[in-house]
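Taken verbatim from Swiss-Prot:
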BINDING   6-29  NAD(+) binding site
REGION    75-96  region 'Disordered'
BINDING   S132  substrate binding site
ACT_SITE  Y145  active site, proton acceptor
Amino acid sequence: MARVVVITGGGTGIGAACARLMHPAGERVFITGRRDAVRAVANETGATALVAMPPTARCGASGCCRRSSTRPAGLMSSSAAPAGWATAPPPRPATANEREALDGNLTSAFASVRACLPSLIARRGNVLFVASIASLAAGPQACGYVTAKHALIGLMRSVARDYGPQGVRANAICPGWVTTPMADEEMHPLMQAEGLSLTEAYQRVCRDVPLRRPASPEEIAQACQFLCSPQAAIISGATLVADGGASIVDVPTLAFA
């Protein structure tokens, strides 16, 4: 019997790549998101699409899990690129931008897990949180995003700790730069300031990454597929870093490179 997989934020980037990879592999895939691109990916892959309006994709996940025929064995709560976004730090706490960052990157994941948890327990399923290297370090001008991403790792560990005895696994993947539409937008200020092409901008931000390049959405999707698969049955509470080696760089020594 095919497993049922719910992917939040499945319309673009990593989420869309996961849908394209998992549906042909025999999984029964449901994708949710806030944009009409979700329907396009569903038409392309044969997945079932549910479009939820802002502020989060949690309604879509709830809709999937309420269907009697949709008892997911896997929930991919994608908050790094598909169902999440970064904003500049607000001038004072609790502004709309800060709340938007927390809603899009943390609250949506909480709600998605809560909606699907009964089915995950019944099926001894697993949850994969698509986090970010912002879960492990702080980038500039991204206070709300960094805060939410750090908290996402805590949520993953709590799910793994509390529901492991009932057979539920929870893990997180932390990508670095990935060539997604959201990351493309983040390149625009650098492109405008320095007259760079999109490719050159990615080369610039990855110049100190050991592999010297960003990941493709497909590369991250392959790692996601493994963590959700039976081959990873003993892996729970883990954080897989998929950043080309960026997080191992000793920044103070870069001047000597």
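Glycine too: its Cβ is placed from the backbone N, Cα and C atoms.
Shown are the binding-site residues G9, G15, P24; of these, the residue with the fewest other Cβ atoms within 10 Å is P24. In the three-state DSSP assignment, the secondary structure recorded for P24 (NAD(+) binding site) is coil. Counted over every protein chain shown, other Cβ atoms within 10 Å are most numerous around S132 among the binding-site residues T12, S132. In this structure, of the binding-site residues V6, C18, L21, the smallest number of CB atoms within 10 A of the CB marks L21. When the Cα atoms are compared, Y145 (active site, proton acceptor) and G15 (NAD(+) binding site) turn out to be 18 Å apart. C18 (NAD(+) binding site) and S132 (substrate binding site) have their C-alpha atoms 16 Å apart, to the nearest angstrom. Rounded to a whole number, the distance between the Cα atoms of S132 (substrate binding site) and V6 (NAD(+) binding site) is 20 Å.
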